[in-house]
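According to TrEMBL:
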| type | residues | note |
| --- | --- | --- |
| REGION | 63-82 | region 'Disordered' |
| TRANSMEM | 357-375 | transmembrane segment |
| TRANSMEM | 387-409 | transmembrane segment |
| COMPBIAS | 481-494 | compositional bias 'Low complexity' |
| REGION | 481-517 | region 'Disordered' |
| COMPBIAS | 501-511 | compositional bias 'Basic and acidic residues' |
Amino acid sequence: MRTSSPNLAARSHSNPRPQIWLCTGQAGRSSSIFPFSNAPHSRSVSTKSRPLLRRLFDLRRSKSAADKHNPRGGPALIDDGTEGGFTIGRGLAAKATNEPRLRCTEFDNNGNVTLVNGEFKKSELIAKYGLLPRDLRKIDSSTLPHILVRPSAILINLLHLRVLIKHDRVLVFDAYGSTDSYMQSLFVYDLEGKLRQRQTLGFGALPYEFRALEAVLISVTAGLEEEFNGVREPVVRVLRALEEDIDRDKLRHLLIYSKKLGTFEQKARLVRDAIDDLLEADDDLAAMYLTERANSIEREEDDHQEVEMLLESYHKVCDEIVQASGNLVTSIRNTEEVVKAILDANRNSLMLLDLKFSIGTLGLATGTLFSALYGMNLKNFIEESDLGFGAVSVTCFVITAIVCLYGLGRLRKLQRVRMWGEAGVGGGPITPLSARNGILSGHRSNWRADSIEPVWGSLPGEARTERMKRLRDSAAAAAARSASADATAQKASALRNSPKGTEHYPTRDTEASGSSA
């Protein structure tokens, strides 16, 4: 209500002065007067006509009150005003409205497409098909291959396909909102043909869910084979090129293709493991008969031959792809090792050439040392000799040759690499026992004799050829003794089987054989 006296109104028209604003609150609140007002009277007005300083003062007071309720500086958990409750409700409504949706294509029990790129909320799919939120999370966001068996559905997440299979319905998801790729288009066409086979095939045909599962596995294995062929050809081409010439660009291409091949191998291995995990679970295999379960037909836990044979056939295909990719990865690793060995050999050759030049330079420096000594302007008592120049020159060349030959000889000795120790070729025979006893302290023991031929260590003083000869002689003697024993036994059996009237007189041979036996 607006109140004013006539005198005050007349005075205000004649001489305007600063006004006093009186704010009267509800429910008996006391009025608050602005301190910078000078007039003794006031009137209440709407909040829109408040001065700027009044608004700033109210804003600061509300901020201090909010800080008291929330001392940590975080967002206030409780809002006493109606505006805060309205904001919270509006946020919840917006969150419910912005619930993520899944796009899918639906097939009926006859293989006909009933819905193309239809959008469903997750809550609708959970309520309609009896799923759990974690199941849709694995389809929507998980990149690992999964084959989940539920009481009334089969959820498949393999590579580019995300499929929900019921006993009379199939949903093909496009979780990320992208358009159908070429592989998905082929899968939809193949799935439509598989689902319509019930009308052409008679008794003994696969159930609806198994035909859909077979279409999924066919599309997945075909995609793996196509991707593997696309990776294998450039890898084989680079490997063949590296056999002829080792180039930096070829090595860089090999690195890129090896990374792609490693990623593909991991992908194929995950698909194979997903099928393998399903084959190991008998209860899941028995629960995959959705049509029989919908008709209230119970199966034993170990009665799942049809689906097991179906999964094993495609598991074998995936395993072959994994093995082929593994062999190709092994070829790349072997090629890399060979390339490293070749590069190491080339580097060693360059280092060897550098050492040879260094040895030659050392020899020349040693020879020029004497020529520098005789080149000084000092008396060396051979200036007047006719043979001085020749003698000094020959001496310099001889010293240079000696230093070079000695250095090259040491380098050649260091260059030799033997597998059987330093005694190898040209060294004396080394026995492990003599080396351990310190008989030949100047040589190393043969590690091959220590590890492979421990029997030879018990024969000190014998060479290797002598030991081999003695072992061969002992083996031949043992064979001869066994042969003579067999001959004696045969003759004894012949004597026992001979008639009683016939007499047998022993000969020298029989006596000798008997004595040897």
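Placement of Cβ uses the backbone N, Cα and C atoms for every residue, glycine included.
Bear in mind that TrEMBL entries carry predicted annotations, made automatically and left uncurated.
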Point to revise | Remote residues contacting the transmembrane segment (357-375) - C-beta distance under 8 A, at least 6 residues beyond either end | key: 382, 392-393, 395-397, 399-404, 407-408, 411
**Study point:** Tertiary contacts of the transmembrane segment (387-409), as residues 6+ beyond its ends and Cβ separation under 8 Å
**Key:** 356, 359-360, 362-364, 366-368, 370-371, 374
Review point. Within the compositional bias 'Low complexity' (481-494), how many residues are helix, strand or coil going by DSSP?
Key: 14 helix, 0 strand, 0 coil
